[in-house]
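Annotated features in Swiss-Prot:
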type	residues	note
BINDING	T13, R17, T265, G308, G409, N413	ADP binding site
BINDING	T13, R81, E82, Y133, D243	sn-glycerol 3-phosphate binding site
BINDING	T13, T14, S15, T265, G308, Q312, G409	ATP binding site
BINDING	R81, E82, Y133, D243, Q244	glycerol binding site
Amino acid sequence: MEKKYVLSIDQGTTSSRAIIFDKAGQIQKVTQKEFTQIFPNPGWVEHDAMEIWSSVQSVVAEALADVPAAEIAAIGITNQRETTVVWDKNTGKPVYNAIVWQSRQTMDICNELKEKGLDPIVREKTGLLIDAYFSGTKVKWILDNVEGAREKAEAGDLLFGTIDTWLVWKLTGGAVHVTDYTNASRTLMYNIHELKWDEEILEALTVPASMLPEVKPSSEVYGNTHKDKFQGMEIPISGMAGDQQAALFGQACFEEGMAKNTYGTGCFMLMNTGEKAVPSKNGLLTTIAWGVDGKVEYALEGSIFVAGSAVQWLRDGMRMFRDAKDSELYATRVQSSEGVYMVPAFVGLGAPYWDSEVRGAMFGLTRGTTKEHFVRATLESLCYQTKDVLSAMEADSGIELAKLRVDGGAVANDLLLQIQSDFLGVPVERPMCIETTALGAAYLAGLAVGFWADKNDIKKNFGIDREFDPKMEETEAAKLYEGWQKAVEATMAFK
């Protein structure tokens, strides 16, 4: 039977999805299933890794109800990054819940490592900061806090993996224990320059090397599905990348200096820096973009904590409208925010500030300020924060941004993208397919089996739904941005 499709498994923070793509990069089928969020203590976030596996089996079975498995050329996996699973390799069962990227339960471990002066070493070797966000301290926490776990780990009976690793292990019936360069680069344990697990950091974290998966390129046949899992078929699993890197690949940002921004609950921006790992002096992370065609390419990354969730706050907390889509309607009723600035630091500020203690603020209110000004100022705050991060990227890389590609739920808002283009002074491109994360995983998988010939073949599929060009005078944009910088400074001073 002709191989017509590639199946993407998109394992996210709140749901698992299966998406089937054809050769033109068009979606043929989407299935989705949510799973339980577990909050054992304030600031802790966990998932049941067996429930995640069950949700993946469910969405895959549903997707293959209409498309014969025999027509699937390959499977690609993209995943919530950093989320940590530790399981017994003999029973196949996790020894503890998966500790999610958002979870802060390892803050004490992070503080101990910082007190030992390890921050500069970790920064130089991994491109990351010592933070509870990343996997390394989560593995240590499980070994230190789950009865018998450390003994089992030292006996070689426990395995660690981020979600990609866990899913491949399950899909292959326990035959394959691998991760890819992108996911390894988010663990806090991987040397992104030497491309190996770092012994010095493993020793500091007291994590046995025997637990760790083999690190492979992002596009390679890792193994086949166990025939019991896929309608009796053995299908190659041949692409893997963390969600943000997969989106960069799905947006065809293959050249140095190309960047994408994902507007979700928060924002994630990545800029391709080519075969050079650029160290950041401006509060960004240095990470691996992908390993494809026998070479590793790098990216600068900036995370904004609050973006779409600020619009949700206007809807749910302030009751300003019933549907998030109405934010565009209200914001277009005024020509500007009339000097009103909103700094949405509800959970602190991410890149490039990294201040977890600061809280949100509004500035410039008068008797003439209306709900419409509030809403517009909130949308503008997403765009100002994006400019903050992209300015840091330009300063670190020495590359001037030529255009920005965008994806995520909020990009349906035309006004938001026009404001973004105005503030950046460059075109903003919204692609035809906004499922860029799943598409990136599909492309990586398809490349490995020859479903797509090369990156040029993929580029041909990339279509722009709409391009937003700057309409605002540069002097006006600069003046508004200066006001934003003052607002952030004042917000950070108020604690």
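Note: Cβ is positioned from N, Cα and C throughout, glycine not excepted.
Positions of the features from Swiss-Prot, shown on the structure.
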| residue | record | DSSP (3 states) |
| --- | --- | --- |
| T13 | ADP binding site | coil |
| R81 | sn-glycerol 3-phosphate binding site | coil |
| Y133 | sn-glycerol 3-phosphate binding site | coil |
| D243 | sn-glycerol 3-phosphate binding site | helix |
| T265 | ADP binding site | coil |
| Q312 | ATP binding site | helix |
| G409 | ADP binding site | helix |
Residue pair T265 (ADP binding site), Q312 (ATP binding site) - Cα distance, angstrom, rounded: 9
Integer Cα-Cα distance in angstrom, D243 (sn-glycerol 3-phosphate binding site) to R17 (ADP binding site): 13
R17 (ADP binding site), number of other Cβ atoms within 10 Å: 22
Nonlocal neighbours by CB distance (under 8 Å) for E82 (sn-glycerol 3-phosphate binding site), same chain, sequence gap 6 or more: W101, Y133, F134, S135, K138, T162, R186, T187
Y133 (sn-glycerol 3-phosphate binding site), number of other Cβ atoms within 10 Å: 21
Other CB atoms, at most 10 A from the CB of S15 (ATP binding site): 14
Pairwise CA distance, N413 (ADP binding site) versus Q312 (ATP binding site), rounded so that it is a whole Å: 14
CB within-chain contacts under 8 A for G308 (ADP binding site), separation at least 6: Y263, G264, T265, G266, A324, L382, G408, G409, A410
Inter-residue Cα distance where the pair is T14 (ATP binding site) and R81 (sn-glycerol 3-phosphate binding site), in Å: 13
Integer Cα-Cα distance in angstrom, Q312 (ATP binding site) to T13 (ADP binding site): 18
